């Protein structure tokens, strides 16, 4: 691998972290990417904090062994339950998705009140609540677990998904002492239903995508300025071409290079992953990290 380009390891329990990878590639195109999806052991939301931390550390050490120089924990549950352990035991810098999402929401909230949706485990951890509280923001947290299987089913613009979202969010933006004026997407599946959620929440409520916020935070850490709109479009096209020809001997300057690792079905990851990443997913390897 070229030492001229950063090698960035991205970890998630499954597919949702690909939305984070998509945003990172848009801002940091000239890099080599290693993505690890622990698909055999998802969902992490049903596991204990100790188990999640053990799985997450195993994934991080695997990515380090593959040459990762920076780690992105592209999983809200792993960030919420294991970030302290990762920061203490990882051998390279690591960034999670909670702090960037909370910071982005705090920066734009005028009412100083923010709503957060996520999986049961993420919400129960109160990770966003604590992060927002440190920034002087009140948090309204709501677990919305049914949205995850609906996204994986491909029902990103389905009436059933819209109805489920409406039921979950019916109390999120009612008039309280401080009405929430920002909605944080605290699950990496949810960017795929952002247009649908835009129809559900009031028009004056801003939506913050933790994937976008995390990508910006990583780019800032790397000292990389955001590309222009035209450059970003060219990067996405280059990424698609790179996926279609993964065996190219040396990626061109500015072209991302990808390797994907999964602990379960390679075929399923290719099929579902393309929807999350936005272009074909290839160069996928099966790995077994054991218990």
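Along the chain as shown, the residues are counted starting at 1.
Positions of Cβ are set from backbone N, Cα and C atoms, glycine also.
Per Swiss-Prot, the feature active site, proton donor/acceptor maps to 75, 187. Swiss-Prot lists 12, 13, 44, 45, 76, 77, 188, 189 with the feature substrate binding site. Positions annotated as compositional bias 'Low complexity' by Swiss-Prot: 234-247. Taken from Swiss-Prot, the feature region 'Disordered' applies to 234-257.
This view paints the features noted in Swiss-Prot onto the structure.
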residue : record                 : contacts (Cβ under 8 Å, 6+ apart)
12      : substrate binding site : 18, 20, 35, 36, 37, 38, 74, 75, 78, 188
13      : substrate binding site : 37, 38, 39, 41, 42, 43, 44, 55, 75, 77, 78
45      : substrate binding site : 77, 119, 120, 121, 122, 145
76      : substrate binding site : 97, 98, 118, 119, 122, 127, 186, 187, 188, 210
189     : substrate binding site : 15, 16, 19, 147, 148, 151, 152, 276
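The least crowded of the active-site residues 75, 187, judged by other CB atoms within 10 A of its own CB, is 187. Taking the mean position of the Cβ atoms of 12, 13, 44, 45, 76, 77, 188, 189 as the substrate site, the remaining same-chain residues with a Cβ inside 8 Å of that point are 14, 16, 17, 42, 43, 75, 78, 119, 122, 187. Every protein chain shown contributes to the tally, and the Cβ of residue 77 (substrate binding site) ends up with 33 other Cβ atoms within 10 Å. Secondary structure at residue 12 (substrate binding site), as computed by DSSP, is strand.
Look at residue 45 (substrate binding site): DSSP puts it in a helix.
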